[in-house]
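Written below as structure tokens is the structure these notes are about.
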């Protein structure tokens, strides 16, 4: 370990000060403010003597006979300097400037280059001419032997100059100094020949009648500390970190660390919060499996035959289940207990109910039957009245349906070649001949419908210009599919293959999920969780499988059903609730473990949310 005295080497560039600036004592055996000792040996070299140096002050002897307690000041590594600068910047942001000065003095580092400090002060004081001159000094610090990099630096400086002049121009306008603002626009901004579109917009602000109008049109906070601080944050991004740290760098690093831990947590199922206040920085983030919907909370046994489909409403307050027993049961989700109670029974589906679809506003519910069913039922769920019973032909097979986002139209079809677009009264608006539909989905643009067909593909059909295109091509039949809320991903249940995840925009297969048993039965999977980070599917081996979207292996296999699980649906508003429908005639409601042992609790969550402590301590074990 080298000494931090004179002659120990070059100063570490822009961030490390000399030992004289480091607050070293000039006495023979003085103590630093950080507790380390320094010593001289009356001209003799120290640190290469015969004695051993330890952290307890072991004596070291030089060529003479004098003895003394010696302890060298440790030279900071680059990473240690970086940490000190990050802490200093954070403390500065909190207004603890004296603490920052002391930290920099004791460590021998400096928060930023003096040129950057001068530049910062000039920007915050609104001394725009001086700030513009500072750019020349900063340019000398952005040196590189690479000509391309030098040109890039010149471009960045031009952009910084533009931002400075833009603030200067707006402040002149706000102060009513129109002539001065016009001079900045014509004589300084325009000659830069940078972002001419923006200059045209800026020139339009000359017509603003008063300051409030200017701030509104420019979406600008006005002259003062706030807007200048925002400007400085933008300018800092173009300077090397050795000269000036990026804004709120420590906060950014901490937020990234928290996000990464949450991202790697297999069972994290709560709303993403960019604020650090929602997490403890003192412990690693970890969610317990017992907080995840892996446990049977309720078994619904009101159906008297196989249950083929289940679907939560868009607002998460109701669950609709369809069965071979010809009924649709609508269940109410209790807001406090999340228990389900039977709310309404819809009867008369002679062929049974194999598919259900809620309207966007949850007012209506459409029920479809199996392959030999030519009828479709459109129910008003609020009143329990049948609004429309639609059948175009007894030869039809209407087995799937999807709502247009406007809630005024829907598309339906089946494997006998029917593909219709209808209104709420069942009137035929459009039809597409010869498409043998297995499953349907309406895209958010309101024009395109995705349909899986008997050719092992998903195609997009535009009912306005009557065009179609291939989007997904599989090698085996697509039994069902669903699409994520953002419309980017599609989840397919593929015969004999299992569950596949496709990117609809790039038209590529993203992932094949393992574990599920999928033959030629129609099984419906779903996206779920607070951020749709999870995927759940039924299976012919009587289980419910759950995967994290990024992992091919299941994170949970839920048992309880005794026959094929036909459908799984995740509550879109209560991410801790999931439902599954099975040929065993039951619907299972899955949720977190009813009681948690202390050792299974996320201690991070307890310390960050003390209200959990009482719940845990008084829960039965």
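Cβ coordinates come from backbone N, Cα and C, glycine included.
TrEMBL lists 1-10 with the feature compositional bias 'Gly residues'.
Residues annotated as compositional bias 'Polar residues' in TrEMBL: 12-28 (among others).
Per TrEMBL, the feature compositional bias 'Polar residues' maps to 35-45 (among others).
According to TrEMBL, the feature compositional bias 'Low complexity' maps to 55-68.
TrEMBL lists 112-180 with the feature domain 'CTLH'. Mean pLDDT, taken over the domain 'CTLH' (112-180), works out to 88 on the 0 to 100 scale.
Summarising the annotation, TrEMBL assigns region 'Disordered' to 1-74.
Residues or ranges marked as repeat 'WD' in TrEMBL: 300-341 (among others). For the repeat 'WD' (300-341), the list of distant contacts is 347-358, 360-362, 365, 367, 370, 379, 381, 524, 563, 566-574, 576-577, 579-589, 591: same-chain residues at least six beyond its ends, Cβ to Cβ under 8 Å.
Taken from TrEMBL, the feature repeat 'WD' covers 346-377 (among others).
TrEMBL lists 558-590 (among others) with the feature repeat 'WD'. Long-range neighbours of the repeat 'WD' (558-590) within the same chain, counting only residues 6 or more positions beyond its ends whose Cβ lies under 8 Å from a Cβ of the stretch, are 269-270, 291-301, 303-312, 314-317, 319, 321, 323, 333, 338, 340, 521-530, 534, 536-540, 542-546.
Using a Cβ-Cβ cut-off under 8 Å and counting only residues 6 or more beyond its ends in the same chain, the repeat 'WD' (346-377) has close neighbours at 305, 308-311, 313-315, 317-318, 320-330, 384, 386-403, 405-407, 410, 412, 414-415, 424, 426, 522.
DSSP assignment over the repeat 'WD' (300-341) gives 0 helix, 21 strand, 21 coil.
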